[in-house]
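Student: According to TrEMBL, the protein has these features:
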type	residues	note
COMPBIAS	136-148	compositional bias 'Polar residues'
DOMAIN	162-284	domain 'Heparan-alpha-glucosaminide N-acetyltransferase catalytic'
REGION	132-153	region 'Disordered'
TRANSMEM	87-110	transmembrane segment
TRANSMEM	169-189	transmembrane segment
TRANSMEM	201-222	transmembrane segment
TRANSMEM	234-252	transmembrane segment
TRANSMEM	272-290	transmembrane segment
TRANSMEM	311-334	transmembrane segment
TRANSMEM	397-420	transmembrane segment
TRANSMEM	427-445	transmembrane segment
TRANSMEM	465-484	transmembrane segment
TRANSMEM	496-513	transmembrane segment
TRANSMEM	533-551	transmembrane segment
Amino acid sequence: QCLYQFLVFVPPSNGSERKPGTAAVMLDTQHPLTLLLNSSVADGELCKIQYHFGEFGNYSLVVKTLSTSTKNVSCDLVINEGPINSYLPILFAFLVYMGILSILIVGRLLMKIDPVRNWVYKKLNPRETDRLINSDLGSPNTADSVSGNPAPRLWSSAPRQRLRSLDTFRGLALIIMVFVNYGGGKYWFFKHESWNGKQHFPSALCSRFVFIMGTSISLSLSSTLRRGSSKWKVLGKILWRSFLLILLGIIVVNPNYCLGPLSWDNLRIPGVLQRLGFTYLVVAALELLFARAGAESGTLETPCPALRGILPFWLQWIFILMLEVLWLCLTFLLPVPGCPRGYLGPGGIGDFGNYANCTGGAAGYIDRLLLGDKHIYQHPSSNVIYQTTMPYDPEGILGTINSIFMAFLGLQAGKIILFYQDQHKQIMSRFFIWTIVMGIISAVLTKCSKEEGFIPINKNLWSVSYVTTTSCFAFFLLLLIYYLVDVKRLWSGAPFFYPGMNSILVYIGHEVFENYFPFKWKMQDTQSHAEHLTQNLTATTLWVVISYLLYRKKIFWKI
């Protein structure tokens, strides 16, 4: 529902020389376009053509007058030069990485030879470092193994084995986030949606970092309380970590290298780490407040054993549901000047240009009202297609409510792991049930459509349907990785396991050193997917290598 935008004026042909009037223009190839040809002599539509142009193709729209009336014309689209196959660099990169994987598999087979294996283990022995790490944000531990002693221990101090699947999940989400932030080879499907729509798989994984943070909170707090730490001491650590995350986030999103002192007048306040910090504060404090001895081991009696991961914590659920009611009321009932109530559109030329200054509806209005226009993101993804002029921050205040909801769903995954310690079938079956439940809720909210649902999937707004949809896939992905890594041990989690162990360092490092060599260099052809993909994959791979070397050196940045 976008307004037509003026593209080009085609001059009239030179009748005496029989030379046609021509005009050249460059078009976007991400979406199908509708070309509308109007007469400059008499108002009226001459012809309309919808076409999805190919990348670097050359086309001609040939318009011929069929009669003396300028209203009777023919419009033919001619392909002068066919578009290129822009996906070949992806295929080549895939083959390169498959070659590297093949070499690693051969190395794994060599490890089955006793002399080789003994020599390598003596030199490396990386798994021994597991016992050195225990971080609330980035390094959860698994629950205790089921003991043969039937007598329950409410706050057990038994040591725990590390869950590699959680670090692998976190590392996978983080590395794809790094690749997307570096540019994703300039492919449209590695970018965030301009507004409504299911996020493409790579960019959708980024939001699942919030989900796995919630899972880590559950396991880490349980481990801390089992060691006998007081709740006040744990609360102090939660407050300190949240403060550090928010402070680091403000520093990262406001780079001012070589430009002198940063002015408060244009300091951006929201950001990814800021949202993670505040989400962590709320969810961790909520979990700490209602932590109950015996609940995690399933020794508390509940009316319905199948819901023992939910019923003992009904007060937490009431709090989260109240937050969701607050989000719904503010989103659909808050009066926004010059905008209809409940507006969820992008503004700009969207919705036929009727609400040009209403980008984000209530979410954008609250940010501009409380933080100020200059303290939020100035270049949202919506301004590319919808030509919006209003600043809008995808990490704004209202969306943080739903990020808390998503982290809380991740918290439930952690509770499942705790309640059903080493009962793999129980854990995986409940992950699958949550997958189905979240999928059904998403289908109802969106009516299985992009634009026509009650609440469309929208990452910029962090809508409820976005949270339920991404959580649906997060539960399923966690189930799959848990099965491969911790149940069947068919996969060690490498290489994603290593950045998952140093997630804060990798995220901040990739933001700070984004424009420095060897993560970025001047390209000869800025329009080449091959060059962009090579640069972005090189930078991402370097962070994997760095995280592996840090793992080998037993260096872990904990907050």
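Backbone N, Cα and C atoms are what each Cβ position is placed from, and that goes for glycine too.
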Student: Can you tell me how the residues of the domain 'Heparan-alpha-glucosaminide N-acetyltransferase catalytic' (162-284) break down into helix, strand and coil by DSSP?
Tutor: 88 helix, 1 strand, 34 coil
Student: For the domain 'Heparan-alpha-glucosaminide N-acetyltransferase catalytic' (162-284), report the average pLDDT of the model, please.
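Tutor: That region's mean pLDDT is 86.
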Student: Are there residues at least six beyond either end of the transmembrane segment (87-110) with Cβ under 8 Å to its Cβ atoms? List them, or say none.
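Tutor: Result: 116, 185, 187, 494, 529-530, 533-534, 537.
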Student: With Cβ-Cβ distances below 8 Å as the criterion, list the same-chain residues six or more beyond the ends of the transmembrane segment (311-334) that contact it, or say none.
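Tutor: For the transmembrane segment (311-334), the sequence-distant neighbours (Cβ-Cβ under 8 Å, at least 6 residues beyond its ends) are 286-287, 290, 292, 295, 300, 302-304, 341-342, 344, 361-363, 365-366, 398, 401-402, 404-405, 408, 415, 461, 464.
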